[in-house]
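Undergrad: Sharing a structure with you now.
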Amino acid sequence: MTTDEPVDYERTWHAALAEMSKHGIGSRDRAFLNLTRFVGLIGENVLLSVPFEQTKRMLEGPLRDQVAEALSNQLGQQVRVAISVDESLQAAVQELDGAGADAHGAAQTGTDADPDTNAQEPDHSDGTLGFSLPGGSQIAAEQVPRPRSAHPDVVLPPRSVGGRTDAPPPSDEEYSPRLNPKYTFDTFVIGDSNRFAHAAAIAIAEEPGQAYNPLFIHGDSGLGKTHLLHAIGHYVHDYHPKLRVRYVSSEEFTNDFVNSIRDDRAATFQRRYRDNVDVLLIDDIQFLQGKEQTQEEFFHTFNALHSSGKQIVLTSDQPPEKLTTFADRMRSRFKSGLTTDVHPPELETRIAILRKKANAERMDIGDDVLELVASKISTNIRELEGALIRVAAYASLQKEPVDRAKAAFVLKDVVPSETGQITVHQIISETAVYFGVTVDDIKGTSRSRNLVTARQIAMYLSRELTEHSFPQLGQHFGGRDHTTVMHAEKKIRQLIGERQPIYDQITELTTQIRRRSA
């Protein structure tokens with residue numbers, strides 16, 4: 001099989017299993033392998049998915065070399081193996097034969113068994129825990145740590161690569177990656193709608209600048225593009241600590257460029273975006289359309305980074321060929337690496353997203369409620385999670401368990417309108433009228449309690465009802481920093497589950513805004 005031919009993942013995996021069986025793998029190992037799915041091939045990197053963390057750990061032991069060798073033989077090229085946990089595969093476990101069921105039981109060892117004998121976590125100091133691609137040039141030999149701990153505040157030791165221990169990352173603010181701690185590969189839910197984009201992100205995070213440069217991810221707002229950008233940044237920042245990561249929105253890039261011209265600090269701008277960065281992550285590149293000077297500067301920045309072997313990752317709501325106000329040479333640069341897209345998640349993935357969100361927020365919500373919410377909102381992950389939070393908040397205020405009836409009652413006011421586009425200006429105006437203040441008051445700097453509440457609610461609704469990023473919303477609210485909007489969104493999200501008046505205000509405003517935009 002050559003790499004130019006389309007790969008039948010299922011057939012290739014079964015052939016690899018047959019080859020390994022001929023070499024005498026044990027029934028227990030075979031059972032673990034039966035739980036595994038071949039889901040992607042990115043260059044020399046094979047992406048495998050398994051349903052359980054314990055299955056993943058087993059495959060990252062001695063089996064990894066055998067799997068890589070068998071797949072290399074079937075694919076006709078040397079490959080490396082990356083393994084991720086995809087919880088959506090757990091439903092298929094019950095359909096497996098007896099050997100698969102044994103592996104399922106083995107996968108649960110250490111979680112449901114005797115706590116006295118399994119409470120001690122095994123030693124993973126060899127760095128093979130979690131999703132990983134083996135680094136370096138040797139197949140399945142290099143030890144690689146997991147992409148991100150479930151506890152983002154834990155500081156992990158430097159990584160050893162090819163016998164060299166990377167130094168701690170620079171502490172200068174100039175190198176601060178400014179990443180959202182919640183957006184990691186561990187918290188990203190994989191489905192058919194985003195599987196290839198996820199695999200590509202993993203591949204370039206493992207070996208920045210080596211292939212797929214640039215990586216261009218496109219798709220509608222709220223589908224996980226920003227999450228993948230931050231996840232790449234976290235992985236590189238944690239496990240390639242000598243590499244400097246910078247994440248910015250296109251608005252921030254534009255503002256930095258404009259300020260550098262105004263303040264006559266072009267050298268500082270170039271140092272920040274060319275000399276002092278090894279991985280540049282730019283969100284919503286489409287917003288550079290119509291900004292000719294900024295596009296020109298980005299063109300030169302792109303060329304400088306690319307020619308130096310530095311990684312560039314871009315996101316957009318449209319593919320490169322549809323960014324028609326960019327110069328042809330710029331669109332050509334965008335398409336020179338790997339272009340991939342994300343789509344609205346299918347029902348199963350939406351349910352998995354809600355389940356992960358409920359677990360993260362410690363919400364006690366049954367599958368029937370999750371399925372109802374997932375069935376009502378199908379296009380946008382942000383709105384999907386927002387609806388779940390609203391349902392949980394309503395039940396919390398009523399001091400009753402969340403059930404399907406309560407969810408249906410809340411969702412009638414939450415489900416997005418089919419017609420009309422809601423704007424930030426409309427939200428600010430409606431909020432101002434509702435609270436008896438002016439638009440200038442909400443955009444202003446007054447810290448009176450009533451104004452702060454109105455401003456934060458307007459920010460929360462703008463995040464929930466529009467497709468704008470935090471930096472974009474900051475500009476709408478008087479040029480505020482994006483962290484102010486993030487704080488407001490988090491604050492109101494917390495309060496709607498604690499204070500009935502806040503919940504009622506949010507519900508009334510949402511209904512009013514949707515009705516007037518229809």
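Glycine is treated like the rest: Cβ placed from N, Cα and C.
Quick paste from TrEMBL:
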- 1-107: region 'Domain I, interacts with DnaA modulators' (REGION)
- 100-112: compositional bias 'Low complexity' (COMPBIAS)
- 211-346: domain 'AAA+ ATPase' (DOMAIN)
- 396-518: region 'Domain IV, binds dsDNA' (REGION)
- 423-492: domain 'Chromosomal replication initiator DnaA C-terminal' (DOMAIN)
Undergrad: Counting by DSSP, what is the helix, strand and coil composition of the region 'Domain IV, binds dsDNA' (396-518)?
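TA: The composition, in the requested order, is 84 helix, 0 strand, 39 coil.
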Undergrad: Please average pLDDT over the domain 'AAA+ ATPase' (211-346) for the predicted structure.
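TA: Averaged over the domain 'AAA+ ATPase' (211-346), the predicted model reaches a pLDDT of 90.
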Undergrad: Can you tell me how the residues of the domain 'AAA+ ATPase' (211-346) break down into helix, strand and coil by DSSP?
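TA: Across the domain 'AAA+ ATPase' (211-346), DSSP assigns the residues as follows: 68 helix, 24 strand, 44 coil.
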